[in-house]
Amino acid sequence: RTVRVWLKRDSGQYWPSIYHAMPSPCSCMSFNPETRRLSIGLDNGTISEFILSEDYNKMTLVKSYQAHQSRVMMILFVLEMEWVLSTGQDKNFTWHCSESGQRLGGYRTSAGACGLQFDVETRHVFVGDHSGQVTILKLEQESCSLVTTFKGHTGGVTALCWDPIQRVLFSGSSDHSIIMWDIGGRKGTAIELQGHNDKVQSLSYAHHTRQLISCGADGGIVVWNMDVERQETPEWLDSDSCQKCNQPFFWNFKQMWDSKKIGLRQHHCRKCGKAVCGKCSSKRSSIPLMGFEFEVRVCDSCHESITDEERAPTATFHDSKHNIVHVHFDATRGWLLTSGTDKVIKLWDMTPVVS
């Protein structure tokens, strides 16, 4: 139930300058350096707002919002609008005026929401929830309207990251994948990135280098180069028999009887999307431009067509040595902060790989 502010001493070590006890366990926070405003979400649904002193040795409570009926999952403070945006386990997205403390509006999502991003220019808010859906809302001063919803994950959305320059939204999920949604291109392109072996916990974006940083519960930190021409993964095709050798699949009883052949298990080539049998897809290959940094199943003809240049990795992999639960990236200094289930906070210098 405590909030701590750590200051770097002359020795280079970090020591806590503030140790503040809260009335309920803390679930999330948002800090604005310009105003030194610290917004803290609590398990009881309250958002408490503090102002930190210039020397960071004192925090003063300025107001509290009863924003949700249960745990606050994410908070965003938007200085340009003087808004506090939040999502909760009660399946509600709400926003408040940070000057008056008044609730301006809300929207009920299909499931508990834990991903939240906001575009200041268009006043669009992106909300990711546990059903795997991303909801886009248009906010006005005291009302909101549904723009559209995206559904591409097979697991819940765990993290969102918005690039306002390229107008691209990244979503991370418990299904271990990341999807890049090209909203600005207006073509509906969705590109999948596969680089984690456990759920994606956080996403950060370095705008100046066009690199995406993803962290997972597997302890992996992956730096993706997004300044390349990536390819959309094909949809998986349906077929009752192998689209390469025409062998029937095990549910195709008629063809099995006619050809006197035992049915085979169906697989899919990750490059062309065709339904193939195991014999026609015995090879594995990485396809980095399609987001597959690990080796995946491809049909034999696609395997022959993939060149060594196309297999060149577009991401670098790093081991954090702990199961990451929260991340913050400071793009100005190139520092990445990770906190893990081991209750340890680690500070990383990312300039050797994000540059």
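Cβ atoms here come from the backbone N, Cα and C positions, even for glycine.
As recorded in TrEMBL, the features of this protein are as follows:
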DOMAIN    236-307  domain 'FYVE-type'
REPEAT    150-183  repeat 'WD'
REPEAT    193-234  repeat 'WD'
REPEAT    317-350  repeat 'WD'
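If you look at the repeat 'WD' (317-350), the same-chain residues 6 or more away from its ends with a CB under 8 A from one of its CBs are 195, 201-202, 204-208, 213, 215-223, 293. For the repeat 'WD' (150-183), same-chain residues at least 6 beyond its ends with a Cβ under 8 Å from one of its own Cβ atoms are 111, 114-121, 126, 128-134, 136, 189-205, 207, 210, 212, 214, 216, 224, 226, 230, 291. The residues of the repeat 'WD' (150-183), classed with DSSP into helix (H, G, I), strand (E, B) and coil, number 0 helix, 21 strand, 13 coil. Broken down with DSSP, the repeat 'WD' (193-234) shows 0 helix, 21 strand, 21 coil. The average pLDDT computed for the repeat 'WD' (150-183) is 91.
With helix defined as DSSP H, G or I and strand as E or B, the repeat 'WD' (317-350) counts 0 helix, 21 strand, 13 coil. Counting residue by residue with DSSP, the domain 'FYVE-type' (236-307) contains 19 helix, 20 strand, 33 coil.
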